[in-house]
2 protein chains.
Amino acid sequence: MSELRWDPLKQHWVIIATDRGRRPRDFQVEPETGTLTNCPFCYGNEDKTPPEIFAIRPDGEPNQANWRVRVIPNKFPALRIEGDLRTRGYGPYDVMEGIGAHEVIIETPDHDRQLADLSLPEITDVLIAYRTRILDLRGDPRFRYLVLFKNHGKRAGSPISHSHSQLIAVPLTPPVAATELRVCQEFYEAKERCIFCDVVQFEIAEGTRVVREFGNFVTVTPYASCFPFELRLYPKRHSYDFALLSDAELMELAQALKDMLCRVKSVLRDPPYNFILHTAPPRQQRLGKPEYWGSIEYDYHWHIELVPRLTQIAGFEWGTGFYINPTSPEDAAVFLREVELDFV
Amino acid sequence: MSELRWDPLKQHWVIIATDRGRRPRDFQVEPETGTLTNCPFCYGNEDKTPPEIFAIRPDGEPNQANWRVRVIPNKFPALRIEGDLRTRGYGPYDVMEGIGAHEVIIETPDHDRQLADLSLPEITDVLIAYRTRILDLRGDPRFRYLVLFKNHGKRAGSPISHSHSQLIAVPLTPPVAATELRVCQEFYEAKERCIFCDVVQFEIAEGTRVVREFGNFVTVTPYASCFPFELRLYPKRHSYDFALLSDAELMELAQALKDMLCRVKSVLRDPPYNFILHTAPPRQQRLGKPEYWGSIEYDYHWHIELVPRLTQIAGFEWGTGFYINPTSPEDAAVFLREVELDFV
């Protein structure tokens, strides 16, 4: 059973995932990585995972080989699908059961190819799997926010080297999303514009932090980057919900995403990285309160955020929430722009 | 020059410390570590650091050997002492010069002894150096908050192995501190009690997360720990400001601190860790606004927070601000309590 616990001093919820029960010695060994023969994400090992939720395969039965993208429940989920959403008090704290969903998107059957290495049709398939699972999980009214993210490399938190992403549905709006959703709505109420549209237009006009434009997409190094070589990928035209993109739009996004991943891989020699998709929650789930539902189509702007894991989060950053970045985003953009790519 | 940049979407300031100018290849090599002969923090190498700000030495001249604790300015400071506090606009963003102070507290002249290994009088000296520097930097009205922290081990962000702590003065209240200061005041206004006193009393009565009591001090694993084996060290009696502690109180704190560090070292085999001191800012600097000054003596409670760096902060945590902790604090407390220590 996992549990959500509220810290009244820090004002945040934490997931205590005791199912994963880590003892001191578990932190002293490197986690095992799969090999071609025993990796549960490889062809032929479909029975080593829980039954699939979704797959893209030309034909054939579920849970057999011959798939291109496969989505399964996480075998050690941080949150479970069954349980009770009510919170209860415990001394000065609050606690609730750890309700949610935790899925793994296996991006390719090939053990040795990472997302950046896949072809454009293959990356488009991955994006279609993202869209499909997001639309499905939105049907559960208990989930208030969906977090789609990828950890690449051990130092970015991925013990399994076979390329995959994750989708976690949570029963409350996480703090980073809550701030973003509130800022967008307040800006819209004051100015009747999308704040992200302002930022994107300013960055394109300014140019010093633009890494690449690709049709309707632009990749920039954020002005107030917390980490060296941080990147954001925005649609240029206003678009609030990733899950509403057409297949043609996902094909264009696949190009922009592959371009971003290949530049990072080239400049920083295949660093560990994390990326996360920020997209609008279903309007009636926005911050859980009707007063926030109104304008989400107009005020929010979906995007992807990527951070290469080059530096350690040290005492200062963790203790203050205040980041020190040793590489200016303008310098990072110069290095990232210089890469010559030949895939398109 | 470093710069503070405001992200209007994420609502945070970031320090872009371009003086440290990191290029892509700088992230591909391990930082150099000092050895006994070239370490700038060792005896005899006092001229390899900027001139000292403060030292505890029985006798002798500044910047010579024979010191017990030595405080110097950081050679590569994240923030500089000179400059202008005013912010200016830049498109949708704000920016200000990176004003502040950044000091290094060298805890011992011995290259091979870490803070946990020092004797109680030696740790007391370190705490006296903390107090002295905090009281001095408070005299500069440009600084709104002081962050005293320690990074132990490379994975906790410390490239230099010679034992040291850091003190950074910042011209604005960092987000974590701002939340804490606001919560304490709101709780006090509603109940005329200190919220930390409630938490400490509840934890002592409950017992399951108490690791050790030591006179006026108690070490606990926090109920909503974000990380495995996270610890907090609290004074049991209400006390809002670390810098007001007497020498006798610092001697008692030295015992509790050494106990905490030795337990972590023993259970987790000398893991990398960070600790940070949370203490009250000068009342007239609290959140920069007079309405927050009133009750700080009554509503705030200083403490030390420690996190062993056992897990990676991955995409989910970074992208949401929502943490998944695989070890319950109750289990962590059991392991930490079991350690037999012989220093007291």
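Just so it is clear, glycine is given a Cβ too, placed from its N, Cα and C backbone atoms.
Going by TrEMBL, these are the annotated features:
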type: DOMAIN; residues: A:3-169; note: domain 'Galactose-1-phosphate uridyl transferase N-terminal'
type: BINDING; residues: A:CYS39, A:CYS42, A:HIS111, A:HIS162; note: Zn(2+) binding site
type: ACT_SITE; residues: A:HIS164; note: active site, tele-UMP-histidine intermediate
type: DOMAIN; residues: A:184-304; note: domain 'Galactose-1-phosphate uridyl transferase C-terminal'
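Everything TrEMBL records as a feature, shown here on the structure.
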{"residue": "A:CYS39", "record": "Zn(2+) binding site", "DSSP class": "coil"}
{"residue": "A:HIS111", "record": "Zn(2+) binding site", "DSSP class": "coil"}
{"residue": "A:HIS162", "record": "Zn(2+) binding site", "DSSP class": "coil"}
Integer mean pLDDT for the domain 'Galactose-1-phosphate uridyl transferase N-terminal' (A:3-169): 89
Count of other CB atoms lying within 10 Å of the CB belonging to A:HIS164 (active site, tele-UMP-histidine intermediate): 22
Candidate with the highest Cβ count within 10 Å, taken from the binding-site residues A:HIS111, A:HIS162: A:HIS162
Inter-residue Cα distance where the pair is the residue listed as 'active site, tele-UMP-histidine intermediate' and A:HIS111 (Zn(2+) binding site), in Å: 10
Pairwise Cα distance for A:CYS39 (Zn(2+) binding site)/the residue listed as 'active site, tele-UMP-histidine intermediate' [Å, integer]: 12
Cβ neighbours of A:CYS39 (Zn(2+) binding site) where a neighbour is any other Cβ within 10 Å: 18
